[in-house]
Amino acid sequence: MEKSFVMLKPDAVKRRLAGRIIARFEDRGLKIVAFKMLQIPEDLAMEHYQEHREKPFFRDLVDYITSAPVIAMVIEGKDCISLIRKMVGATNPAEADLGTIRGDFALETGRNIIHASDSPESAEREIKLFFDESEICSYEMPDREMIYEE
């Protein structure tokens, strides 16, 4: 099964949206296999967002993501990276469809609630940044055969 890294950003935590967002993933049959709340240190934030280092918004992004706790998760499921990206919606909430997480909850681009891996390579890199292998739990869902065709 494919794994994706998902992070609920400070605005999601401060606005008490975590439970509602997590329920959406579970309602779609996805499985949370790692979960933690943390205050991201600046060096980890800079490494996580390294692809934006030369962009003008980089410093604001680092300041924002380190301003309050986040919830980091590893979510597992069949083709979960593309499914989660569809569920998350467009980066700019004004362009995100209603029914997506950002379309329903996010208010502006700089405070857009959630981060999700955009590729298997990104997922692998991001998971390793936030979780040790021992923190990722494998388990069988009793309703698996109701969710996935074999």
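Placed from the backbone N, Cα and C atoms, the Cβ positions cover glycine too.
Residues annotated as active site, pros-phosphohistidine intermediate in Swiss-Prot: HIS115. Summarising the annotation, Swiss-Prot assigns ATP binding site to LYS9, PHE57, ARG85, THR91, ARG102, ASN112 and lists sequence analysis as the type of evidence.
Overlay of Swiss-Prot annotations on the structure.
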residue : record                                          : Cβ within 10 Å
LYS9    : ATP binding site                                : 21
PHE57   : ATP binding site                                : 12
ARG85   : ATP binding site                                : 16
THR91   : ATP binding site                                : 12
ARG102  : ATP binding site                                : 22
ASN112  : ATP binding site                                : 22
HIS115  : active site, pros-phosphohistidine intermediate : 20
Q: Return the maximum Cα to Cα distance in Å (whole number) over the record's ATP-binding residues: LYS9, PHE57, ARG85, THR91, ARG102, ASN112.
A: 22
Q. binding-site residues LYS9, PHE57, ARG85, THR91: which have a Cα within 10 Å of the residue listed as 'active site, pros-phosphohistidine intermediate'?
A. LYS9, ARG85, THR91
